[in-house]
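So Swiss-Prot says this about it:
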ACT_SITE  Glu205  active site, proton donor
ACT_SITE  Lys337  active site, proton acceptor
BINDING   Gln163, Lys337, Arg366, Ser367, Lys388  (2R)-2-phosphoglycerate binding site
BINDING   Asp242, Glu285, Asp312  Mg(2+) binding site
Amino acid sequence: MSAIVDIIGREILDSRGNPTVECDVLLESGTMGRAAVPSGASTGSREAIELRDGEAGRYGGKGVLKAVEHINTEISEAIMGLDASEQAFLDKTLLELDGTDNKSRLGANAMLAVSMAVAKAAAEEAGLPLYRYFGGSGAMQLPVPMMNIVNGGAHANNSLDIQEFMIVPVSQPTFREALRCGAEVFHALKKILSDRGMSTAVGDEGGFAPNFGSNDECLSTILQAIEKAGYRAGEDVLLALDCAASEFYHDGKYQLAGEGLQLSSTEFTDYLANLADKFPIVSIEDGMHESDWAGWKTLTDKLGKKVQLVGDDLFVTNTRILKEGIEKGIANSILIKINQIGTLTETFAAIEMAKRAGYTAVISHRSGETEDSTIADIAVGLNAGQIKTGSLSRSDRISKYNQLLRIEEDLGDIASYPGKSAFYNLR
């Protein structure tokens, strides 16, 4: 039995210099699992609650000592002696201990740190790499990365309203070659920006954050970078957007301040459709406000056959909300953020529900990250097919890419890279 004999929670810092939660779980055999949780900047209103201290004189109120204390007291007492290999039972124990719908009592950050650390300890105990522990012998598909090479919105201090402009390498035979493609486009873009006298400073997720005059100008420049790096836009590399539309939806209008536009749901749908006609855009995330389900339906009806429409703030990795979206024909993909829901069991349930409905599942980081690379193992372990984990800079982003390289190496000849077939929702 892989009995849990010790649990240690601690406060560490994330990639933005804000506190987050880390947890160590020690088993009877002496094996240990360690996990750290991420934190978002643009968050959905229905996400599980991240417990912060609210003490203004310490880390601006963002400390997590309360969450850490919950790990070291209540949670420790509840799961001490449990079998670490019984993940579903352990997560159920955490949910019952918290007793709220949104994990507001113990904090999703406390619960997730424990859930992840237990899984890592159990994998170590079993002598399995984490991806194999999650997925068994069927885990062999590397994910197609969506690489955020230009940051805007809440992730950068510039005039771009759309939060993320991403490149998606799809023609390469392996993940290693896809990663090389992304890195080469990233460096080509840096040279173009530098030659124009534009900023090459990076945002929270490692992408550049220059002041483009419009979203159109930004996308055109990315196409130039793809060509400069020796690749073909629309063939070797596709584009993806994260609008994070909830961030610029005010008074019933989508207010693109950078372009001086105020658009209705129908008008913003047309705006996005025009971009998708002009550029090789394969995926649009959060193209409408999380509560604008009528707008989402309009967007899905217009673009859902040719563009992946990803619900992030819309679904918040929650099976109850996802089920409603599937029934109503809203979006065709879900973004999976482990800290939006707070346990691995619930995360995996959301991925499986999406797949059964023909929706894709995109495994995602948060803008506030750590060196923890668990999401890379989740992406492969559950054969998710897609991952979104930032740009080609900042070690908090690169740690996930490097872990995927290791996994591909470990898989050897049975490793596969899906390319365009990862977008099975567009068939």
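Note: Cβ is positioned from N, Cα and C throughout, glycine not excepted.
I'd like to know what surrounds each of these features in this structure.
The number of other CB atoms found within 10 A of the CB of Glu205 (active site, proton donor), across every protein chain shown, is 31.
When secondary structure is read from DSSP and collapsed to three states, Lys337 (active site, proton acceptor) falls in the coil class.
With a cut-off of 8 Å between CB atoms and residues at least 6 apart in sequence, the same chain places Pro145, Met146, Asn148, Met166, Asp242, Leu335, Val362, Ile363, Ser364, His365 near Lys388 ((2R)-2-phosphoglycerate binding site), listed in sequence order. Look at Lys388 ((2R)-2-phosphoglycerate binding site): DSSP puts it in a strand.
In the three-state DSSP scheme, Glu285 (Mg(2+) binding site) is classed as strand.
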Recorded positions Gln163, Glu205, Glu285, Ser367: which have a Cα within 10 Å of Lys337 (active site, proton acceptor)?
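Checking Cα-Cα distances against Lys337 (active site, proton acceptor), none of the recorded positions falls within 10 Å.
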Would you list the other residues of this chain near Mg(2+) - those whose C-beta lies within 8 angstroms of the C-beta centroid of Asp242, Glu285, Asp312 - in sequence order?
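Not counting the recorded site residues, we get Gln163, Glu164, Leu241, Cys243, Ala244, Ile284, Asp286, Val310, Asp313, Leu335, Ser364, Lys388.
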List the Cα distance (Å, whole number) between Glu285 (Mg(2+) binding site) and Arg366 ((2R)-2-phosphoglycerate binding site).
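The separation of the Cα atoms works out to 14 Å.
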Measure from the Cα of Asp312 (Mg(2+) binding site) to the Cα of every one of the recorded positions Glu205, Arg366, Ser367, then give the nearest.
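Of all the candidates listed, Arg366 is nearest in space.
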